[in-house]
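Down below is the structure, laid out as structure tokens.
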Amino acid sequence: MTTLADLRINYSRASLDEADVAHDPFAQFDRWFKEALAAKLPEPNTMTLATVGDDGRPSARIVLIKGVDERGFVFFTNYESRKGRDLAAHPQAALLFYWIELERQVRIEGRIEKTSAEESDRYFASRPLGSRIGAWASEQSAVIDSRATLEAQEQAVSERYGDNPPRPPHWGGYRLVPDSIEFWQGRPSRLHDRLLYTRDADTSPSWSISRLSP
């Protein structure tokens, strides 16, 4: 019988060299993300978001990236959820993209800020109607009696707002403003390639690149 200790893959699809990467980590991320799209990976926009609560307890969950530019990485959620409470207490977070089919991961760390109300409104209006209703119906992370309770809340919201629910005040966007971004490429014998971009100053547009030991 196969045991957990016996499960392993020898990575050999590609390499990652300083001479081949973009000087800007956002350009490098864009390059890798486009390659993930071209490879038709299932939901390459999924990422793990790690936060820390007021009690020091870490928490992680999968969320969807909804925007990337030179300012940072944007996602949307309920501000009153566990992640929202964590980020209110400690506005620092880490993101992880894992594209196993390409034997790649990207680790991103930095400070968190809320997006503007206009940016949140614009994205909320683009969501499917069911998702907009769900943002009102779900008290995310709260204990509920049953599935029937959730469905009753959904019906009540639908009857109240019809086809045009506004954005809830407790729902909107966050932007992770990175100070470090690591690109990881799997290599044979666990001697992986790891290139770390670090911002030269808090608001600097320039970055330094270092190679990390695997």
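Cβ coordinates come from backbone N, Cα and C, glycine included.
The following features are taken from Swiss-Prot:
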| type | residues | note |
| --- | --- | --- |
| BINDING | Arg8, Ile9, Asn10, Tyr11, Lys66, Tyr123, Arg127, Ser131, Arg190, Leu191, His192 | substrate binding site |
| BINDING | 61-66, 76-77, 82-83, Gln105, 140-141, Trp184, Arg194 | FMN binding site |
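Cα distances from Val63 (FMN binding site) to the binding-site residues Arg8, Asn10, Arg127, His192 are smallest for Arg127. Here the candidates are the binding-site residues Arg8, Asn10, Arg127, Arg190, His192. The one whose C-alpha lies nearest to that of Gln105 (FMN binding site) is His192. Across the residues annotated as binding substrate (Arg8, Ile9, Asn10, Tyr11, Lys66, Tyr123, Arg127, Ser131, Arg190, Leu191, His192), the widest Cα-Cα separation comes to 43 Å. For Phe76 (FMN binding site), the same-chain residues that are 6 or more apart in sequence and have a Cβ closer than 8 Å to its Cβ are Lys66, Thr115, Ser120, Tyr123, Phe124, Trp171, Gly172, Gly173, Tyr174. Distance between Cα atoms for Asn10 (substrate binding site) and Ser141 (FMN binding site): 39 Å, as a whole number. Comparing CA positions across the binding-site residues Arg8, Arg127, Arg190, the one lying closest to Arg61 (FMN binding site) turns out to be Arg127. Ile65 (FMN binding site) sits 29 Å from Arg190 (substrate binding site), taking the C-alpha atoms as the reference points. Ile65 (FMN binding site) is surrounded by 19 other CB atoms, counting those within 10 A of its CB over all protein chains shown.
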